[in-house]
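Since the structure comes first, as C-alpha cells, the remarks are kept for the end.
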Ligand code: GLP
C-alpha cells in the first residue's frame, strides 16, 4: 500500500484526477469505479475542468458507482444517482447509458444486486476505483460487522453512518436505513484503488488502515490485501497518524 500526504484537499483532488486522466488517456474505454460523499467532489471538479480543456475524453468511458440508498430514485436530490448527475455526468462528454449506479428502487433488490455484479464482470472489472472512507471505517456501505459480504448486497446502515449522512438531509429521520452496496470482494477485484481521506474525524480509521492488522470492525483494513492501493490524505490527518 502506498501512502501519499498532500498539503490540502485541492492537492489531493488534483493527484487523484491526474491519475484518472493518465488511465483514461492510456485506455479510452476505461472502466471507472466512482464514489459519492463530500470527499470525491474535488476530484470530479478537476475532471470537469480537464474535460473542458480537452485533456480527457469520456466518450468511450464507462462508470460504475459503489452504492445507492434504498427507496431513492434518480430525481431525488439525496440519491447517489442524482449526486453523480449533478457533480459530474452532466458536465462531461460521457454517454449517460455508460454510467451505472445501483437502482435503489428496484422491485427485486436481490436480483438487482446480482445483475450489478454481472454487469461489472461483463465489463471485465474496474480499472480504477475511487474510494472515500466513513469515520467508522466503512467503504461504500460496507459497515463494520462480524461478517463482510463479497458481492453487491442489501445492507442496513449503522446509527453512526445515519448520523454522519444526516447532514445532507433535513433530519436524521429522513436518512434511508438501508442501501444497496458493492461488497468488499467486488471492490477488491478493481485493478487499482485510490482512497482519499481528509479531516481529523478520519484519522483513527486511517491509522488502523495503515496498521498492518485486518479486522471486519474496520472494513477499510481489508484493502491491505490488495496489491495496488494508494491512500491519499491531507497533512491534517498526516500529523495525527504519526
Ligand atoms: C458515504 C458513502 C461512502 C463515503 C462515505 C464518506 O456513507 N457511502 O462511499 O466514502 O460516506 O463520506 P464523506 O466523503 O462525505 O466523508
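Just so it is clear, glycine is given a Cβ too, placed from its N, Cα and C backbone atoms.
Pulled from TrEMBL, these are the features on record:
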type: DOMAIN; residues: 11-229; note: domain 'Glucosamine/galactosamine-6-phosphate isomerase'
type: ACT_SITE; residues: 67; note: active site, proton acceptor
type: ACT_SITE; residues: 136; note: active site, for ring-opening step
type: ACT_SITE; residues: 138; note: active site, proton acceptor
type: ACT_SITE; residues: 143; note: active site, for ring-opening step
Rounded mean pLDDT for the residues that make up the domain 'Glucosamine/galactosamine-6-phosphate isomerase' (11-229):
97
Using CB under 6 Å from any atom of ligand 1, narrow the active-site residues 67, 136, 143 to the ones that qualify.
67
Rounded to a whole number, how many Å is the Cα of residue 138 (active site, proton acceptor) away from the Cα of residue 67 (active site, proton acceptor)?
12
To see if you understand the setup: which same-chain residues, six or more apart in sequence, place their Cβ under 8 Å from that of residue 143 (active site, for ring-opening step)?
134, 136, 155, 156, 157, 158, 161, 219
Which site among 67, 136, 138 has the most other CB atoms no more than 10 Å from its CB, taking these as active-site residues?
138
